[in-house]
Amino acid sequence: MLKLLVLGVLLHDVSLSGQDEAPPKADGIPGEPLFNYASIRLPEEHIPFFLHNNRHIATVCKKDSHCPYKKHLENLKYCWGYEKSCKPEFRFGYPVCTYIDMGWTDTLESAQDIFWKQADFGYAGERLEELHVLCQPEEPHDSSLLCSRYLQYCRAANLYLDLRNIKRNHDRFKEDFFQSGEIGGHCTLDTQTLLSEGQRKSPLQSWFAELQSYTELNFRPIEDAKCDVVIEKPTYFMKLDAGVNMYHHFCDFVNLYITQHVNNSFSTDVYIVMWDTSSYGYGDLFSDTWKAFTDYDVIHLKTYDSKRVCFKEAVFSLLPRMRYGLFYNTPLISGCQNTGLFRAFSQHVLHRLNITQEGPKDGKIRVTILARSTEYRKILNQNELVNALKTVSTLEVQIVDYKYKELGFLDQLRITHNTDIFIGMHGAGLTHLLFLPDWAAVFELYNCEDERCYLDLARLRGVHYITWRRQNKVFPQDKGHHPTLGEHPKFTNYSFDVEEFMYLVLQAADHVLQHPKWPFKKKRDEL
């Protein structure tokens, strides 16, 4: 009976402990709130969804005269979409499909459902459905290991890591880093099931290489004083993609956000440990973003070398390059866009980084052109295009170059979020489209024959996307000079026909003006 009770706790108590899950005060001090509501730190729109999954906080709020969220208590039916009790009409948005991709399905309704499961909160729901116990505790304070399919996500209690004999080299994701007995817990291990989950073994696709040596220990790591260090705070382990490339690094952040949903915890009173088996550091041009997820500096795994370290609560986060994951090389059904998941991610990060919407002012459409100081994919007639834009009085035009040494990432986000039409050549800088306002349009000036990358990202975020169509009106400097592949369209610079450019920009402007969320809804005849 005890074994069944413990198993039930594992499968149903999905949240990590943290600030937003801290128990309310039993006897409130007169004049003081019964709960630290400031620790929730979520956008106002997200509060009813949070309260839906944290009914204990909703109950306290109802009794507490100091609760700032009382107006949301009438909306507790609102849900993200992955909850089993969630009714479709109360979901946090639902994709829009405009045509049927016959390669996937034959109705618009099924297309919506496919897209929702591929790239929206249905994706988080599928990960929750996959969870199964791999190491079962016998007593309430034993260790445990719970994972999704292919070990893409795992959660562990009382995890033991022995780093006393670790050998590091240049390999960031060494597969045999831990030997038997060096990682594990005091629980009953289902070895056969664990070892059957290795089909997607790959550094940034699965935690199989790291957990295949998980061992059923004959001691209780913490209670038997087998740890040199005990980490009390909930800890997220992450294997990170390239920190110098916004497209790749934000695959890390998006998957961390999805992981928070799977855990039902958005607390920042957590540690994040970068799982890196090398002795190298990590170059991170977007480190300000971590402030949306943790109150502390990111910890390198090597910090714990030569020690036995025990983690009371540990999560192995969803990874940035998972097969059928989000959002690197994700095969998406065509004809659908607008995921609540990516809109919520954008709102979450902007809110926690204190990036606010400051306009538009006087109804003018704010156009931002992203210039490039790199060797390739420059706009050769950029000044000519800008001068043409400035002839339209309703456009407010600025040129930016997001050089990290000259413009900090938070300042970059402020510019992006206060842009209505974002224009740039194919490149990682277009990942900024994640933080455009809902009514905005992104204009990938030329996609360099990589057609899906930023089109799909715009579809996920739900902002309008356009790109250059007429090949006879774009003029490459030459055929391109890839260092090993020879001719390549990404390795040259381009000029553009001014009239065609203006036609496309005005199309984007028309979309902005017609968008239901555009703050100035009256049409501008000047355009």
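One is the number of the first residue shown, and numbering goes on along the chain from there.
Placed from the backbone N, Cα and C atoms, the Cβ positions cover glycine too.
Remember, predicted model here, so these are calculated numbers, not experimental data.
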Between 72-75, 164-167, 380-383, 524-527, I'd like to know which one Swiss-Prot lists as motif 'Prevents secretion from ER'.
524-527
Check the candidates ASN354, ASN493 against Swiss-Prot and report the one noted as N-linked glycosylation site.
ASN354
Please list, in sequence order, the residues in the chain of ASN354 (N-linked glycosylation site) that are at least six apart in sequence and whose C-beta is under 8 Å away from its C-beta.
none
In which DSSP state, out of helix, strand and coil, do we find ASN354 (N-linked glycosylation site)?
coil
Tell me, roughly as an integer, the mean pLDDT over the motif 'Prevents secretion from ER' (524-527).
46
